[in-house]
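Let me begin by presenting the structure, written as structure tokens, before commenting on it.
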Amino acid sequence: MYASREDIGYDFGDDSKVGSKPIKPNPNIDRGWAWMIVLSSFLVHILIMGSQMALGILNMEWLEEFNQSRGLTAWVSSLSMGITLIVGPFIGLFISMCGCRMTAIIGGILNALGWILSAYASNVHYLFLTFGVTAGIGSGMVYLPAVVMVGQYFQKRRALAQGLSTTGTGFGAFLMTALLKYLCTEFGWRNAMFIQGAISLNLCVCGALMRPLSPKDLREKNMVRNHSEENRAKALPHSTETIHSNGVLGEEPEKKEEAANEEVLGSVQHIEIGGNSGSGRSMYGLRLFKTVSQLTVTVRKGFALWYSSYFGAASLFTNRVFVAFIIWALFAYSSFVIPFIHLPEIVKQYNLSRQDNVFPLTSIIAIVHIFGKVILGIISDLPCISTWNVFLMANFTLVTCILTLPLMQTYIGLAVVCALIGFSSGYFSLMPVVTEDLVGTKHLANAYGIIICANGISALFGPPFAGWIYDITQKYDFSFYIAGLLYMVGIIFLLIQPCIQKKQSREKSTEEAQV
């Protein structure tokens with residue numbers, strides 16, 4: 001179908017042109033500290049996404065403790081997962097203003113606070129606020145910077161780097177399931193949440209490792225990226241037909257904004273130079289004024305970038321393939337989350353608890369998920385392979401597994417389907433890569449914020465919907481069938497929209513040639 005970035009690309013005009021001048025490799029891109037960023041992101045995925053994948057253990061404890069319906073109790077886990085992702089667009093604003101490092105550190109503190117306060121819950125509604133909202137927002141403030149920083153530090157090995165970092169989800173689901181099960185058995189679920197809150201403070205350390213790249217480093221990365229894409233286009237002549245959006249984010253407003261900011265800082269420096277002969281008190285005031293001015297310029301610049309990405313004349317939403325990507329995300333994530341939340345109950349319903357205690361089905365998903373992310377990342381980085389096609393193939397496999405899972409009523413059958421779910425869901429490591437291919441590095445934070453927001457809406461309503469269907473039918477079958485069909489609708493949007501846009505691009509090219 002499509003074999004290069006240009007096939008699904010959307011040029012925002014943020015990349016510089018590359019001439020014949022040789023490009024010197026940057027020591028910070030694809031090497032050096034970039035691997036520390038991968039380590040930081042890996043630990044974030046263990047502590048956040050891994051913990052959320054293990055919430056089925058706590059969900060059973062809450063059902064027994066508060067004696068509420070499965071649908072209502074499932075809202076606690078769904079709020080935590082959903083809000084982590086839904087706040088993505090707003091976290092994008094924080095990143096634009098404060099940077100990834102500060103955003104992640106604040107998020108780590110909030111996440112730990114949410115876990116600790118949840119240990120004192122007296123009812124399910126209390127958990128909605130402490131665990132669902134507080135811990136959820138904190139998780140979102142760490143998760144998005146972790147993904148964005150890997151995208152900024154890598155160019156040639158983007159899919160592999162994202163794959164390695166996001167394997168933390170699989171490791172985390174395996175480790176946190178065992179840890180929470182042990183803690184709940186030995187200390188009770190309240191003390192388990194308190195201990196988990198203390199462990200979550202390590203997110204602040206992960207945030208501190210997210211050293212920002214300088215603007216010069218980002219420009220050099222864009223130059224390398226353009227150069228590699230030109231070489232790739234020459235190597236793949238059959239992929240020269242491209243899909244372009246009907247809108248391009250202009251650089252003129254940003255240039256005017258930068259000029260205004262430089263004027264403000266220039267005036268401040270002029271005042272400071274003129275006041276050098278003044279008293280120490282006046283010099284302190286001038287330095288304070290300069291600091292405030294620089295902070296104001298940073299906030300204005302960050303807000304301008306965030307606003308233009310969402311509400312500008314040619315925002316991200318003018319990219320039709322990206323809009324189709326959002327529609328897919330609205331349906332996709334719940335199909336992956338529902339098995340994790342409700343598999344313990346399904347095992348209990350089929351009287352398979354003895355086999356599941358030996359090797360839990362959720363652990364099978366988690367372990368194979370690790371290999372799926374790495375393998376799919378390696379395949380996608382091959383020069384002759386399209387990341388977009390790998391992404392679609394994995395989605396087709398996953399939706400088939402979701403529709404098949406209710407038909408399996410033996411442990412072996414469920415184990416095989418769960419292994420396939422784990423491997424095919426490795427496409428999550430490709431989501432940031434596909435998003436960056438669509439919008440460019442500059443707009444990755446805001447664009448990926450929208451995508452995970454759509455995933456969050458899916459995760460928010462998926463598990464409660466499955467619990468509600470169970471309360472009515474006393475079976476989970478229909479939940480998986482409906483989730484799978486909605487997921488298929490999202491995949492169809494991903495298939496149709498690029499074809500329509502490619503056809504429109506051809507017609508436009510033909511008209512221009514005739515003129």
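Yeah, the Cβs are placed from backbone N, Cα and C, and that goes for glycine too.
Predicted automatically and left uncurated, TrEMBL annotations should be read as such.
Residues 76-77, 80-81, 84, 104, 111, 139, 142-143, 146-147, 149-150, 153-154, 161, 164-177, 179-180, 196, 199-200, 202-203, 206-207, 209-211, 340-341, 362, 366 of the same chain sit 6 or more residues outside the transmembrane segment (33-55) yet have a Cβ under 8 Å from a Cβ within it. Look at TrEMBL and you will find 33-55 (among others) tagged as transmembrane segment.
In the predicted model, the domain 'Major facilitator superfamily (MFS) profile' (37-502) has a mean pLDDT of 78. Here TrEMBL flags 37-502 as domain 'Major facilitator superfamily (MFS) profile'.
The transmembrane segment feature in TrEMBL is assigned to 75-95 (among others).
Under the heading transmembrane segment, TrEMBL lists 102-120 (among others). Taking Cβ pairs closer than 8 Å, the transmembrane segment (102-120) reaches residues 44, 48, 91, 94-95, 126-127, 130-131, 133-146, 190-191, 193-194, 196-198, 200-208, 210 in its own chain, all 6 or more past its ends.
Annotation source TrEMBL lists transmembrane segment at 126-148 (among others). Below 8 angstroms of C-beta separation, residues 40-41, 44-45, 48-49, 52, 62, 75-76, 78-88, 91-92, 94-95, 100-101, 103-104, 106-115, 117-118, 120, 162, 165, 193, 203, 206-207, 210, 432, 444-445, 448-449, 452 of the same chain, each at least six residues beyond the ends of the transmembrane segment (126-148), sit close to that stretch.
What TrEMBL records for 160-180 (among others) is transmembrane segment. Sequence-remote contacts of a segment are chain residues at least 6 beyond its ends whose Cβ falls under 8 Å from one of its Cβ atoms, and for the transmembrane segment (160-180) they are 34, 38, 41-51, 53-54, 56-58, 146-147, 150-151, 153-154, 192, 196, 340, 360, 362-363, 365-370, 373-378, 381, 422, 426, 428-430, 432-433.
Among the features that TrEMBL reports, transmembrane segment is placed at 192-213 (among others).
Taken from TrEMBL, the feature transmembrane segment covers 321-341 (among others).
The feature transmembrane segment is assigned by TrEMBL to 361-379 (among others).
The annotation transmembrane segment is assigned in TrEMBL to 386-405 (among others).
Beyond its flanks by at least six residues, the transmembrane segment (411-434) meets 8, 147-148, 150-151, 158-159, 162-163, 165-167, 169-170, 325, 336, 339, 343, 346-347, 352, 355-356, 359, 361-362, 364-369, 371-377, 380, 387-388, 390-391, 394-395, 397-398, 401-402, 404-405, 444, 448, 451 of its own chain at Cβ-Cβ distances under 8 Å. If you look up TrEMBL, you'll see 411-434 (among others) marked as transmembrane segment.
With a threshold of 8 Å between CB atoms, the same-chain residues lying at least 6 positions outside the transmembrane segment (446-466) that come near it are 71-72, 74-75, 77-79, 81-92, 96, 143-144, 147-148, 151, 305-306, 309-310, 316, 322, 325-327, 329-335, 337-338, 341-342, 431-432, 435, 438-439, 476, 479-480, 482-483. Marked as transmembrane segment by TrEMBL: 446-466 (among others).
If one looks beyond the transmembrane segment (478-496) by at least 6 residues along the same chain, the residues whose Cβ comes under 8 Å of a Cβ in the stretch are 324-325, 327-332, 334-335, 338, 342, 392, 395-396, 398-399, 402-403, 405-406, 462, 465-466, 469-470. Residues or ranges marked as transmembrane segment in TrEMBL: 478-496 (among others).
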Per the Cβ under 8 Å criterion, with at least 6 residues separating them from its ends, the transmembrane segment (386-405) contacts 1-4, 7-8, 159, 328, 332, 335-336, 338-339, 372, 376, 379-380, 414, 417-418, 420-421, 423-427, 430-431, 433-434, 437, 480-481, 483-485, 487-488, 491, 494-495
